[in-house]
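Feature annotation from Swiss-Prot assigns active site, proton donor to K75; the stated evidence is sequence analysis. Look at Swiss-Prot and you will find D18, K43, 73-82, S130, 182-192, 206-207 tagged as substrate binding site, backed by sequence analysis.
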Amino acid sequence: MDPPAVGEAVKRVIVALDPARRGDVDRLLDMARLVCGVGAGIKVGLPMLALGGSEALAEAARLCKGGGLRVLDLKLADIGYIMRLAAESLSRGFDAAIAHAFVGYEGGLVELKKTLDGLGARLVLVVSMSHPGSREVLDPCLDKLLAVARRVEPWGVVAPATRPEVVARVRETLPTTVILSPGVGAQGGKPGDAICLGGADYEIVGRMVAGSPDPVSALRGVAEYIAARCPEKLLHSSTGNGPS
């Protein structure tokens, strides 16, 4: 049995399953079945759609049903009508879908939010990204993007594990909104940076787990690292925001 802090930490790790080639699709779908019963859930997006089609997205959602959060990451960024069509076609079976906050409210995110509400899914808005280029455009506009998020009232927002100071700023502005933080591992963020230093609810880990020959052990290793950094914080806080 995991120590209490590790048991809490593993429930804060979402595994990103992004195939690099067509041959990876089946392997990552098999992995979905394994990690969904251990971690917080999975995130799939454009690589899975491009290489496996909408059927692969639906299969990932099916395999993880009842095993954690199922996050669809298409980073939607269009007028409301187009985002609504995409959500109606691809979001069924997922607990949450990601879109860009910069689209704005009127004629955009308000329509997507209404569509997702009708599908029983939650909206997650990107307010900052994990790559260095986010500093060029998104981060200078962070206050405006957070204002959009306050107006839209999404379930969650995306903020980068690679810059925990941004996560902390988002947490200060949106104290009750779920924060999902990508960029752990290959992009340079250390496990626990976003949760322990920034106040994120979830960290998203991709290649560090998905590229391992033993993904469950790799996932537990990430959780152990997080737990060692801030056990008290983990034990005295709970996301309470899993799928209903």
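Glycine is treated like the rest: Cβ placed from N, Cα and C.
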Integer Å distance between the CA atoms belonging to K75 (active site, proton donor) and D18 (substrate binding site):
14
Neighbour count first, Cβ atoms within 10 Å, every protein chain included; then name which of I79, G206 tops the list of binding-site residues.
G206
Ten-angstrom check, please: count other Cβ atoms within 10 Å of the Cβ of S130 (substrate binding site), all chains counted.
22
Of the binding-site residues listed here (S130, G185, G189, G206), which is spatially closest to K75 (active site, proton donor) when Cα positions are compared?
S130
List the residues of the same chain that sit at least 6 positions away from G189 (substrate binding site) in sequence and have their Cβ under 8 Å from its Cβ, in sequence order, or write 'none'.
S130, P160, A161, T162, S181, G183, E203
Around the Cβ of D18 (substrate binding site), how many other Cβ atoms lie within 10 Å? Please give the count over every shown protein chain.
18
In DSSP terms, helix, strand or coil for G189 (substrate binding site)?
strand
Looking at the recorded positions K75, G185, which sits with the largest number of other Cβ atoms within 10 Å of its Cβ?
G185
